[in-house]
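Now, the feature entries from TrEMBL:
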type     : residues : note
ACT_SITE : S56      : active site, acyl-ester intermediate
ACT_SITE : K59      : active site, proton acceptor
ACT_SITE : S112     : active site
BINDING  : K218     : substrate binding site
DOMAIN   : 29-247   : domain 'Peptidase S11 D-alanyl-D-alanine carboxypeptidase A N-terminal'
SIGNAL   : 1-21     : signal peptide
Amino acid sequence: MRWSHAALFGALLLATGLVRAEAPGAFADTARSYIVVRDGQVVWSREPGLQLQPASLTKLLTALVVLDANPDMERWLPVSAPAAQVAPTKLGLRAGEEITAGAAMAAMLVRSANDACLVLVESVSKDRDAFAKRMNERARQLGMSQSRFVDPCGFDAVGQHSTVTDLLKLAQAARRVPMIAHLVALPRAELTTRTGRTKSFANTNQLLGRLEGAAGMKTGYTSQAGQCLIAYARRGESEVWLVMLGGTQRWWQAHGMIDHAFSSSLAH
């Protein structure tokens, strides 16, 4: 069932004439920066080159770097003290526990769990600076020329920034990886530690099950970054991407923007 906010949003568009103003800036108050793309064509954007903190959207790049190392997804990975003590969002993993690499990947992408994120990072490199170097090399390969990454879990960091256009490149590359595409679309998942402790967790993406055609991607939030979102939806043969940085009410705004993009004449 769709949110009542979406209907209200559509009514406001009609009342204010924004439907006729289908152009960049039509949703000017939505976020500090955003881009909406339907079937490869930009429908709307605002400050698409503005460099901002990407928050946990960063975890998509972390996932690619981890997968580049060709890990065994059934391998048991230890939870270090730093991973167990990291700031939320997290699952509450305990130092000394072990989880599989596949479970850690699910927790990082579905729940945006920072403890699971660090478990994966440490499985590739104990040196976070070295891991960040790999991230930036991978970003360059993707053509993300306006981005620089410092923290693999997306915590605010000096010198870390990205743009919605760069993050769109990242998201599209990540979605081509079957494991990532599968995980980000799961409403819920669970993991079991080696000792049998089970943790169940819901997806942070509140568009799943509420927006027609929603197929996930990634959420993020920090005090500096604000509400961040990469969302993907598909209806029939048509697809819409939305990337938002510095949002304030991302869920009903994103719902309305994606709905409207599917019917926008600019995308035909």
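Backbone N, Cα and C define each Cβ position, glycine as well.
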> Who sits close to the residue listed as 'active site, acyl-ester intermediate': which same-chain residues at least 6 apart have their Cβ under 8 Å from its Cβ?
Replying inline: T89, S112, C153, G154, K218, T219, G220, Y221, T222, C228
> 10 Å Cβ neighbour count around K59 (active site, proton acceptor)?
Replying inline: 27
> Just checking, which of S112, K218 (recorded positions) has the fewest C-beta atoms within 10 Å of its C-beta?
Replying inline: S112
> DSSP on the residue listed as 'active site, proton acceptor', three-state: which is it?
Replying inline: helix
